Amino acid sequence: MAKIVKVIGREIIDSRGNPTVEAEVHLEGGFVGLAAAPSGASTGSREALELRDGDKARFLGKGVLKAVSAVNNEIAHAIVGKDASNQAEIDQIMIDLDGTDNKSKFGANAILAVSLANAKAAAASKGLPLYAHIAELNGTPGVYSMPLPMMNIINGGEHADNNVDIQEFMIQPVGASTLKEALRIGAEVFHNLAKVLKAKGLNTAVGDEGGFAPNLASNADALACIKEAVEKAGYVLGKDVTLAMDCASSEFYNKDNGLYEMKGEGKSFTSQEFTHYLEGLCKEYPIVSIEDGQDESDWEGFAYQTKVLGDKVQLVGDDLFVTNTKILSRGIENGIANSILIKFNQIGSLTETLAAIKMAKDAGYTAVISHRSGETEDATIADLAVGTAAGQIKTGSMSRSDRVAKYNQLIRIEEALAAAGTPAPFNGRKEVKGQA
């Protein structure tokens, strides 16, 4: 038995200079797990609650001392003495103790930090790397794959202080044969993009996720800059590198008039018009994945978008599904989208996250493991991607150590599995829905 003997919570600082929750779980034998909760900027309304103190005298109201107190008191008292290797039981104890539908009593940031720290401690007690322990929890021991990165190299929307409406313009190095090669391709495109932007007299400051955040005349201009960078790096767009976008459409959807208002380029669209606007971009550029291409509540719009684009483009639900099996099951039943973005702080525990990944895969949906715009050096999502053989990961650009920490962990994992004589496959383009 991997007996829990101590649980510690503390307030630390994330990549945006805001507080977040870090937890330690200590086991008999001296094994310790340490994990921190990430935080989003563009958040779905149905996400589990991130508990903030609201005290304007501390961190502009964004302190997390209430959540930390829950870790150090109620949660600690409930799980000390329990077996850390029983992840589902530990998570359920915390969920039941919280007693709310959206984890608003303790905060999903408190419960998740403990959930992940517990998994890390249990892995250490078994002498396993975290990804191997996660594979066992997932019911797929020894089944791994290296994820195809989805690299956000131009930031807009809520992730940047610029005039670009679409939140993320990403590249996927689909022509790579290994994860490490994919990262090299991504880095080379990233550096060439800096040269392209500088030559145009554009800003090369970076946004929350490490991508560039220039002011551009249109969203199509962002794609054109990336195309030029890919070619300058010596790669073929559509063959070696494909494109992906996160529209984060809820951020520019006007609920009063039902229009998608893209103020950066002075255009407004109805739901169907916006789908055809995206369809036009897909015809001009090899865009193979679109995330949140409609408002989170516009299920009719998503159904239409899936009908128009779903057979040729991966349509990822983020704010739409919020890593929640109840909402995902409704989407599956109604043929809405064909992929889910997995952010474990949207749901608030590792067990519930694994359930969402399983439900998606069982239904033929892809699962893209994702960071948040507010991150720490915690690299758990790298192990989650490998341990569930999810196939794709979205963890920012090739700058900012809070992003690169995840890529470096993936390099270590790929290397370790190869050294053990059990290399994990890197399937590249085949991982993207509709691209096999």
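Backbone N, Cα and C define each Cβ position, glycine as well.
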Listed by Swiss-Prot with Glu291, Asp318 as binding Mg(2+), from among Asp246, Asp256, Asp362, is Asp246
Joining Gln167, Lys343, Arg372, Ser373 at the (2R)-2-phosphoglycerate site recorded in Swiss-Prot, out of Lys195, Lys326, Lys394, is Lys394
For (2R)-2-phosphoglycerate, with binding residues Gln167, Lys343, Arg372, Ser373, Lys394 per the record, max Cα distance (Å, no decimals) returned as 17
Around the Cβ of Lys394 ((2R)-2-phosphoglycerate binding site), other Cβ atoms found within 10 Å total 30
Rounded Cα distance in angstrom between Arg372 ((2R)-2-phosphoglycerate binding site) and Glu291 (Mg(2+) binding site) is 14
Rounded to a whole number of Å, the separation of the Cα atoms of Lys343 ((2R)-2-phosphoglycerate binding site) and Asp318 (Mg(2+) binding site) comes to 8
